[in-house]
Amino acid sequence: MTTQSLEAEAKALNDRLEGLDLAGRLALVAGLEGRAVFTTSLGIEDQVITAALGSNRLDIEVATLKTGRLFNETVALIEATEEAYDILIKRYYPEKADIEDYVAQYGMNGFYESVEARHACCGVRKLRPLARALEGASYWITGLRRGQSGNRAATPYAEADLERGLIKINPLADWDIDVIRAHVAAEAIPVNPLHGRGYPSIGCEPCTRAIKPGEPERAGRWWWENDEKRECGLHVAEAASSIIPNASSAA
């Protein structure tokens, strides 16, 4: 598919998704021609989407990135969620050789020392496994919301991911955190207990801290960096090709 046609399809799909509720948005994507993959980090937004997929028995793959540095609470939630909704969450892991190369160059916790080292860690633990998860996919469903950070304030319902050659679907783009929490409570959706301990956004354990009152939702991610647009590379335009070598071809 050409860049122009991918962007045109994304725009048309964005318009169709806007007037639908969550179940309707996911059902629309499930009915499209082509493979759809939802990648979950087991955060509260992703649990809302997983619950909707499981409850409505929609034919959309669910995948997660087992980075090797996740909180124990996150790991435990994977199996609990599978049992709750009778679904399979496919695990994607970093390659052993990639981890060994990273540790040899930067050290096990070298990501604290520089942005370059942190990007390299995200590259081997997240971006390369993500490329395998999305291989051959036409649609990538995420839990991105406009309220998560200033960097995500303009998140559409559908957007062309030109680097990966697919359309990214953000069915919760217009949901704020209060709506998310109310929905979770009403539907008794299982969530990570860390959310109740001051962690609204949860990534790898060494790179996530609880936030302080009044801080943005994602302030606890890579908190030692000064850049206000801190991201791991999964959801930014520069991401894969600038963070890991040959990532574009891998995706």
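Just so it is clear, glycine is given a Cβ too, placed from its N, Cα and C backbone atoms.
Keep in mind that what you see is a predicted model, and the values were worked out from it rather than measured.
If you check Swiss-Prot, you get these features:
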BINDING   C121, C122, C204, C207  [4Fe-4S] cluster binding site
ACT_SITE  C232  active site, nucleophile
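The local packing around C122 ([4Fe-4S] cluster binding site), expressed as other Cβ atoms within 10 Å of its Cβ over all shown chains, amounts to 24. Mapped onto three states, the DSSP output places C204 ([4Fe-4S] cluster binding site) in strand. By a simple count of nearby Cβ atoms, those within 10 Å, the most crowded of the binding-site residues C121, C207 is C121.
Under a cutoff of 8 A between CB atoms, and with a sequence separation of 6+ in the same chain, the neighbours of C204 ([4Fe-4S] cluster binding site) are T67, R69, L70, R125.
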